[in-house]
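Asker: As annotated in TrEMBL:
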DNA_BIND  92-146  DNA-binding region
COMPBIAS  386-395  compositional bias 'Gly residues'
DOMAIN    148-349  domain 'TLC'
REGION    357-395  region 'Disordered'
TRANSMEM  5-28  transmembrane segment
TRANSMEM  48-73  transmembrane segment
TRANSMEM  157-177  transmembrane segment
TRANSMEM  197-216  transmembrane segment
TRANSMEM  281-308  transmembrane segment
TRANSMEM  320-341  transmembrane segment
Amino acid sequence: MTCKFLSVCACVEQIAIMIGTISEWFWWDRLWLPGNLTWADLKDGEGFVYARASHLYATVPFAIVFLVVRYLFERLLATPLAALLGITEKPRYKVEHNAVLEHYFSTKSKHPRQADVDGLCKKCSWSSRKVERWFRRRRNQDRPGVLKKFREVSWRLVFYLTAFVGGIIALYDKPWFYNLREMWNGYPRQSMLDSQYWYYIVEMSFYLSLVLRITFDVKRKDFKEQIIHHWATLTLLAFSWCGNYIRVGTLVMLIHDSSDILLESAKIFNYAKWEKTCNGIFVVFAAVFIITRLIIFPFWIIHCTWVYPPDYYPPFFGYYFFNFMLVILLMLHTFWAFLILRMVKMFLFGSLTKDERSDNEEDDEEDGETSVTEDNDRHVKVTNGCGAGGGANHH
């Protein structure tokens, strides 16, 4: 018994030593700070208050608070608002239970080819039309309803609008808001402001809540890109916080929130079928997205973080890593800009009726006249561009 206890203690001690070694390496001064500076040079005092990694622990309880507030908002405010705008769920036919078809749907394909349909017909003793209708209804069963989409979009709109207004209030009187070189004046000995603290904590808590909810939220075609984006954003914000790149971080957040407001607004009017309003907002969103994400972000922000710092201190690991994360965001912006421009093209030629990223619900007629081949190769009906409101993703 005593031997086992001593063995466990020794194992715990080894783990503690290993964790300590990793921690020392991770927080090595040369990774985070320029020149001959050390963490000892960034201790609070003489009217200076510096960002600490321990401050970020607050994002966890705040993320949970966001989840609770979101739950209440979606049910107490967003749902009545949807009813007021006439947004209702489309009735769906229930799928008849069939073990053979369900197994094929779950393990092989949700869109069977005609040859596969013929084989399933023989196994189930069903007609081809009935099998096609079953797959169509089964696919619709897994798709989120418009009310769920509306609630999610409404929540994001409220947050982005509030965060953007808060960001303007926090930054409008700061010299680096107008002169980007001021971001590096005195770096890294730059005292943290209360407004910067709360701006960071609120934004990071919100994105952490999105990560916690991402498996339950509406999944779009760019689901993987969303996950990469959320983690890249959290990593970038956390690193900029610990490395005291706070001034840059606040500008990055403000730029992203500006276009997200328009995106979520366009989606809301799309779900409400306010076609002209949706189209107008989408055009403005596309312009703002291109200007902020593909012009201001790379040619002002990244230029500021890449070109100016060497004038103040020799480049170090944190300098390269921070810019690398900004480039990752720029690549995601480029991907979403491609989707936006493709939708703009379809919008101008009158062939856009849906969000390019959405898995839209299929027509589910009782007579089931739509064949699987027609179902898979369906052309979008030419109307107008109200579906553009789906847009590309937020940050």
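Using the three backbone atoms N, Cα and C, a Cβ is placed for every residue, glycine included.
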Asker: Can you work out whether the transmembrane segment (197-216) touches the transmembrane segment (281-308), with the criterion being 3+ CB pairs under 8 Å where the paired residues are 6 or more apart along the chain?
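Answerer: By the criterion, they do not touch.
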Asker: How many of the residues that make up the DNA-binding region (92-146) does DSSP mark as helix, as strand and as coil?
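Answerer: Output for the DNA-binding region (92-146) reads 36 helix, 0 strand, 19 coil.
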Asker: Which residues of the chain, 6 or more past the ends of the transmembrane segment (157-177), have a CB below 8 A from one of its CBs?
Answerer: 73, 183, 185, 193, 195-196, 198-199, 202-203, 206, 247, 250-251, 253-254, 257-258, 260-261, 264-265, 268, 394
Asker: For the transmembrane segment (281-308), give me same-chain residues lying six or more residues beyond its boundaries with a C-beta closer than 8 angstroms to one of its C-beta atoms, as numbers and ranges.
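Answerer: Contacts with the transmembrane segment (281-308): 180-181, 183-184, 245, 248, 251-252, 255-256, 258-259, 262-263, 265-266, 269, 322-323, 326-327, 329-330, 333-334, 336-337, 340-341, 343-344, 347, 385, 388-389, 391-392.
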Asker: Under an 8 Å Cβ to Cβ limit, what residues of the same chain, 6 or more beyond the ends of the transmembrane segment (48-73), are close to it?
Answerer: 42, 154-155, 158, 189, 191-192, 197, 201-202, 204-206, 208-209, 212-213, 238, 241-242, 244, 246
